[in-house]
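Engineer: A single structure is presented below for examination.
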Amino acid sequence: MEDSPINRLPEDTLHQIFSSLSLRQIMICRSVCKLFNRTLTSSSFIHLISARSHLHLFALRPPHLHHHHHSRHASHHSCIHVYDPDQNQWLRFSLDFLPFRSPHPVASSLGLVYLWADSPDSNKSLIVCNPLTRQYRVLPQLGSAWSRHGSVLVDSRNRVMVLTELAALYFSFSQKTQQWLKFSSNLPSKPRSPIVISNSVFALCDVGSPWRSKWKLFSCAVKNLLNLNLNVMNNNWECLERHEWGDIFDIMKRPRLIPGDGNKILMIGGLKSNYSFNQSCSTILILRLDLETMEWEEATRMPEAMHRWFQDSKFKVFGGGNRVCFSGKKVGRLALWDCCKWLWIDGVPGNGDELFRGFTFEARLTAIP
């Protein structure tokens, strides 16, 4: 390659040539030679295509997060296993550029991945990184209790929230004081599957008794950060209820939320066969709430042949838009609802019998704020 005419091309010309490629092709070209790798990882090239090419992937969270202190011999290296539904292919992004032990990815937005990891003082730190550019940044220190009990939420502006039943933390890369802001939550119970849509947080809470669950949908507005001296989060959570919804929450067993397309929420759970205690479910149901009209509709339900694998198994769901993944213990593969069809995903990392959580990962060559 040293005598190749391509070495005499100006850097700007190389950038224009490679910018016409897809992100998948760019990642392949990085491995061709040192010139390509240097060109395609330069900050100027990353800035040029950061808003163009991206991949819509599913990222898996590790099956277990150990909260005790790890031994000094614990591995510093790890990776993120991701699935590309457009290519029906599993990929792996290394995290060996992180100088931390036991990285545990939990959320993503705009090409950036947020993860908990063990800092040198054995506390948990929340870190933002881009596995494609191999850049990272450590967010302000938090106590380890937040990693055990808090749900990490990130919106489309990379504003970060850590939410628990009693309190919420907020951080924005644009705020002058690079510290977490703390607000009271005062929710009736631990928030279940909280999500961010537009400028609001939505979560399910169990307001029933110890003997019978009763789920309600709560929302909390997140104001645009125009004045950092003002509270960012409303302290008052609103319970969203409509008379015409009827028993929408009572027909589903252990419902959970996923952000849908645009201004819509997906609610997923087992469809109860009856209202008796510890009842079985006839299928897994996906309902869709339009936040503009506040009307529910049935999006789809899992086919009977596929549901047999999940009928007697605890399952997890993750995804977004019109794609939802289902993981069941000892199922051995993932089920995928892809807009209007149901598919099996084979080749799951590990022995395939584990119960996986996950999140959507829109892979981009985005710079760290």
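Just so it is clear, glycine is given a Cβ too, placed from its N, Cα and C backbone atoms.
Copying in the features that TrEMBL gives for the protein in this structure:
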- 3-49: domain 'F-box' (DOMAIN)
Engineer: In the domain 'F-box' (3-49), how many residues does DSSP call helix, how many strand, and how many coil?
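Structural biologist: Secondary-structure breakdown of the domain 'F-box' (3-49): 33 helix, 0 strand, 14 coil.
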Engineer: Kindly state the mean pLDDT of the domain 'F-box' (3-49) in the predicted structure.
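Structural biologist: The answer is 82, the mean pLDDT of the model over that range.
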